[in-house]
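As structure tokens, the structure follows; a few thoughts come after it.
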Amino acid sequence: MTTFGTPLSPHATKVMLLGSGELGKEVLIALQRLGVETIAVDRYENAPGQQVAHHARTITMSDPAQLKALIEQEKPDLVVPEIEAIATGMLEELEAAGTVRVIPTARAARLTMDREGIRRLAAETLALPTSPYVFCDSLEELQTAIDSKIGYPCVVKPVMSSSGKGQSKIALPKDVAPAWDHAMAGGRVSRGRVIVEGFVDFEYEITLLTVRALGADGQVETHFCEPIGHLQVSGDYVESWQPHPMRPAALEKSHEIARAVTDNLSGQGVFGVELFVKGDEVWFSEVSPRPHDTGMVTLCTQWQNEFELHARAILGLPVDTALKSPGASAVIYGGVDAAGIVFDGVADALRVPNTDIRLFGKPESFVKRRMGVALAFDADVDVARTHARLAASKVRPRAAG
């Protein structure tokens, strides 16, 4: 796109986001700053992104008929999936018919909607290094896979889930049945199927934000952000920092793996490529064809954060992945199960040097639901991490009243 219309006019450039959580909210804001008319879609009303979009729509996005009807009604120029639980088959059908352009592509949305599609692409089609794995449809198959191939310890994850839900570590035979039950409770849509992975002896894991954007000649170019280190607990991100130091050879291999995966998925936009690293060895873990939760740190570290990069790339605009300052992020959890919570300690959090916070505006809190994030920058990334954790600890969510 080189010409942009005026929002809420007959010539508006319209973008529809499928999924309107905290990441989608930031993408919507970035799009609006470029004069784009936005449509925020989610499965529940008053989702964070719906609070800032021009239009808010609530449907079951995994229902093909509902999804098709909404796209045909709104007639967006671009459809941007921000979550996995979407009727991707319908997106492929509409894209093939020329009804809409899907970001990055409908095929990429389908392959990355669950762990099976993308793992088979990476390991079997592209021959990239990954952990050993088996897909299982029952507790019996899971036990057989562990006994015959994977061994202990191992990790079990639902084929489809988000933010670490349903993921657990199996150390001993007695852990297998509880892990299966936990995966069934935490999975989305593809209930009854899991991936069991052998442990990779890695030193650290990173997210490599990889951006496919048009160059001056109109051809797609690949750009890399500085590697993002992150800490996960039970598969859920709790802290991230940028840059994470890496050996030159490991960084080069990371670029090669990320380029191979994103070239195959094709299209334009930001891809969050997760990798395990030990010394100069690198293993592919997962990829999301959209901004990544660990990439929220870029709100304080890059001249163009991951959401601005995504907005620019999908609109065909130039991007800049340069680092502005080292920095860190730390998650603010809900801490309570309640609707319409309030937050104490915000002023105290912002008194921590070089910090900022984002409160997501989710209408309902759960004990382990991400309700906000603290950000901090500093020339020393370890200082930034300390400040981000401190700021996050000072924000105290509670039930209202």
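The backbone N, Cα and C atoms fix where each Cβ goes, glycine too.
Quantities reported herein were computed from a predicted structural model and do not represent experimental measurements.
Taking a C-beta cut-off of under 8 Å and a sequence gap of six or more, E82 (N(1)-(5-phospho-beta-D-ribosyl)glycinamide binding site) has these contacts in its own chain: L17, L18, G19, S20, G21, L23, G24, V27, G49, R290. DSSP gives E82 (N(1)-(5-phospho-beta-D-ribosyl)glycinamide binding site) a coil state; it is part of no helix or strand. What Swiss-Prot lists as N(1)-(5-phospho-beta-D-ribosyl)glycinamide binding site is E22, L23, E82, D293, K362, R369, R370.
According to Swiss-Prot, the feature ATP binding site maps to R115, K157, S162, S163, G164, K165, G166, Q167, E197, G198, F199, V200, E205. Reduced to three states, the DSSP call for F199 (ATP binding site) is coil.
Other C-beta atoms found within 10 angstroms of the C-beta of E274 (Mg(2+) binding site) number 20, with every protein chain shown included. According to Swiss-Prot, the feature Mg(2+) binding site maps to E274, E286.
What Swiss-Prot records for 120-315 is domain 'ATP-grasp'.
Spatially close to E22 (N(1)-(5-phospho-beta-D-ribosyl)glycinamide binding site) yet at least six residues away along the chain are P48, M296, R358, F360, K362, R370, V373, judged by Cβ distances under 8 angstroms. Within 10 Å of the Cα of E286 (Mg(2+) binding site), the following binding-site residues from the list R115, G166, E197, F199, E205, R369 place their own Cα: R115.
Most Cβ neighbours within 10 Å, among the binding-site residues E197, E205, E286, D293: D293 holds that distinction in the structure as shown. Taking the Cβ of L23 (N(1)-(5-phospho-beta-D-ribosyl)glycinamide binding site) as centre and 10 Å as the limit, one finds 26 other Cβ atoms among all the protein chains shown.
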